[in-house]
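Down below is the structure, laid out as structure tokens.
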Amino acid sequence: MIQVLLVTICLAVFPYQGNSIILESGNVNDYEVVYPRKVTALPKGAVQPKYEDAMQYEFKVNGEPVVLHLEKNKGLFSEDYSETHYSPDGREITTYPSVEDHCYYHGRIQNDADLTASISACNGLKGYFKLQGETYLIEPLKLPDSEAHAVFKYENVEKEDEAPKMCGVTETNWESDEPIKKASQLNLTPDEQRFIELVIVADHRMYTKYDGDETEISSKIYEIANDLNVIFRALYIHVALIGLEIWPSGELCNVTLSADDTLDSFAEWTKRDLQKRKRHDNAQLLTGMIFNEKIEGRAYKKTMCHWKRSVGIVRDHRTRPHFVANRMAHGLGHNLGINHDGDSCTCGANSCIMSATVSNDPSSRFSDCSLNQYSSDIIHNPYTSRCLYNGPWKTDIVSPPVCGNYYVEVGEDCDCGPPANCQNRCCDAATCRLTPGSQCAEGLCCEQCRFSTEGKLCREAKGDWNNDYCSGQSGDCPRNPFRA
């Protein structure tokens, strides 16, 4: 019998609030100190796993109690995830580490409209969550024999450089005569789920910046990938880390002050080297280089799935992984073909992912313009989406399945989320099985829990694709081949 694990951690607020402190996230003004105290509701004698699949944290923010629900990001790594390092004499060393019992989580604050949290539980609690529209960070205080953590607003972190920063992609502003749909009205369904199998490469400047600590670099990349999953949920895109590479002995492509030249050189390297030994949909270079003209990153536009140009480059900020993830998401957005936001585009935050100017308060949201462009055009473009159908599928994602996480995994017919949130009458949220009499729970060929009739048009021809028709045997809309 499968036992449901409930972990509650009570965080008692320290008797005082600090005014200023130097943390891993940087210099922080105005923070709260809390002490995690873990209480586990496990049967007597049960073996507690190192990192639970689901956890709950209760603590106070500004004197108000909140409940943080966390669930392990089971799809963070693909099944054939690998790490490539290099020996001092330049020999390539590729390993396939066991990543099933990792410590990276997604979550939400109970009863808060913004379902956003990204947390590492590897050594204490480190990450961010959204509460009442504001971004809060939590991280351990490095005190001897202490479980103390700091909780603080993102806006209270002193920025290393307040000057405006730019995206290196130009002439891509949103322009449309069509009325902009609100995000809640977009026709994005689980049937349109896509997957980006991502390789992240840390260059030699990253290696020297982190004093050769490859473990710290890898942890930073895991945090970034975990954040990317939170960001791309709105597009029904799952980002799976399929490879990580670190360059300890020197740059393997030309990394210069010019973001354009660096991007071109990295693209050439992926063509002549990476593609021959590691399948992937997209590769991103994380660099310690500070580019000219305050450029934070660069990416080719509308090149996702391209044999050579499905790449991007992003400047690292050591203390701000969420900021780096925001910039990498921006570049991936351009790879997909998403334009910069115009003045009329909104996302309910101070800035959105595809804003042309980089905000010091990074967003986790795509604007209504981005969502509209993606759902109405990009998702149906065979050139920029053809590689995003092939997984990792439910048989490829590492870690045991968990019912209620919105992902249909091995042994499940459907997954509409927790019972309190499920709005799909075809799916039993408690068991992730179809309800009695139902043939399907979702898909373009699923109507009122039954398969659509064979031959029904489910997706019109577009570009090089033929019309797609229901088979009568599945709720999914099968892809027909390219036109001759």
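Backbone N, Cα and C atoms are what each Cβ position is placed from, and that goes for glycine too.
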Bond partner of Cys426 - disulfide, per Swiss-Prot - picked from Cys445, Cys446, Cys449: Cys449
Selected from Cys345, Cys347, Cys387: Swiss-Prot disulphide partner of Cys369: Cys345
Recorded disulfide partner - Cys305, candidates Cys253, Cys387, Cys403, Cys414, source Swiss-Prot: Cys387
Which candidate, of Asn187, Asn254, Swiss-Prot gives the annotation N-linked glycosylation site: Asn254
Alpha-carbon spacing, Cys422 (disulfide bond) to Cys416 (disulfide bond), which is rounded to whole Å: 5
Number of other Cβ atoms within 10 Å of the Cβ of Glu412 (Ca(2+) 2 binding site) across all protein chains: 20
The one of Asp281, Glu409 whose CB sees the fewest other CB atoms within 10 Å, among these binding-site residues: Glu409
Recorded positions listed as Cys387, Cys432, Cys446, least Cβ neighbours within 10 Å: Cys387
Helix-strand-coil residue split for the domain 'Disintegrin' (400-484), DSSP-based: 0 helix, 16 strand, 69 coil
Arithmetic mean of per-residue pLDDT over the domain 'Peptidase M12B' (194-392): 90
